[in-house]
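Structure first, then comments.
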Amino acid sequence: MARGGHGRRLGLALGLLLALALAPRTLRAKPMVRKERVVRPDSELGERPPEDNQSFQYDHEAFLGKEDSKTFDQLTPDESKERLGKIVDRIDSDGDGFVTTEELKIWIKRVQKRYIYDNVAKVWKDYDRDKDDKISWEEYKQATYGYYLGNPAEFQDSSDHHTFKKMLPRDERRFKAADLDGDLTATREEFTAFLHPEEFEHMKEIVVLETLEDIDKNGDGFVDQDEYIEDMFSHEDNGPEPDWVLSEREQFSDFRDLNKDGKLDKDEIRHWILPQDYDHAQAEARHLVYESDKNKDEKLTKEEILDNWNMFVGSQATNYGEDLTKNHDEL
């Protein structure tokens with residue numbers, strides 16, 4: 001992701017846990033790059049770096065990823081334009097021949113939701129062991145932690161032991177929060193809330209609590225400035241801190257620490273990681289309109305979009321490029 005962050009999603013370290021459950025290994029060292037903690041409701045959207053306004057890098061990498069951005073290599077420009085044109089007809093929900101910022105925002109949010117549910121569908125069979133179209137806590141626990149639970153001696157002297165010991169009760173707590181009817185069995189909607197809690201209002205407190213637990217190294221129930229910086233940056237030498245770290249210290253003091261007591265409580269963490277005043281889907285929609293609106297009427301014709309097709313095929317408006325490679329009838 002841009003700005004040196006790896007865009008960590010709080011919707012479970014699913015791949016890490018599953019890999020650990022299947023085969024013990026050493027945990028990765030703390031990354032030397034900047035970590036982004038802010039959770040976006042449109043969770044694949046990150047923050048556009050100011051220096052990238054004149055290129056397609058953000059649009060391609062933020063919504064496609066570096067590897068998936070190559071999807072369109074299999075299509076010629078004419079093929080891409082033809083299929084994109086069909087998608088434009090769907091985005092134009094009122095059929096007036098124009099795509100507004102609001103229509104584009106709604107489309108981006110819709111595609112993002114579809115991505116999330118598609119993601120759940122891909123892993124569903126790994127956990128629904130009895131094929132009853134539900135996933136019980138026991139099924140999830142055995143699929144994710146079964147190796148650890150069955151072979152505890154192998155983990156006694158490894159860092160993985162601490163990881164499992166911490167994550168198992170944490171996952172159970174999250175599962176129970178997602179399980180709205182309290183039967184310890186998750187429907188697809190409940191399992192989606194479990195894997196992607198940032199997308200569900202009733203899961204926001206879990207997101208805040210898990211963030212606090214991750215960063216609060218001294219266990220006092222707060223995040224002080226050093227803990228805040230340590231979560232983003234591993235200072236392994238005695239050299240000066242990078243400029244962005246100094247900037248983050250100022251951010252902590254000036255904007256994160258709202259009551260100026262030198263530490264963040266749960267409310268301040270919530271204000272930080274779950275911002276209510278910035279809609280990244282809206283920002284991306286505005287960006288796409290601004291960059292493509294030749295006559296500056298604040299809405300786009302199909303021709304304006306197709307003239308700037310290379311930006312749109314790199315946007316989440318086309319679901320990581322997948323919509324352009326699907327049959328139109330599937331959309």
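Counting starts with 1 at the first residue shown.
Backbone N, Cα and C define each Cβ position, glycine as well.
A TrEMBL annotation is a machine prediction, not a hand-curated record.
According to TrEMBL, the feature region 'Disordered' maps to residues 38-59, out of the candidate ranges 38-59, 60-81, 236-257.
For the domain 'EF-hand' (203-238), the model's pLDDT averages out at 93.
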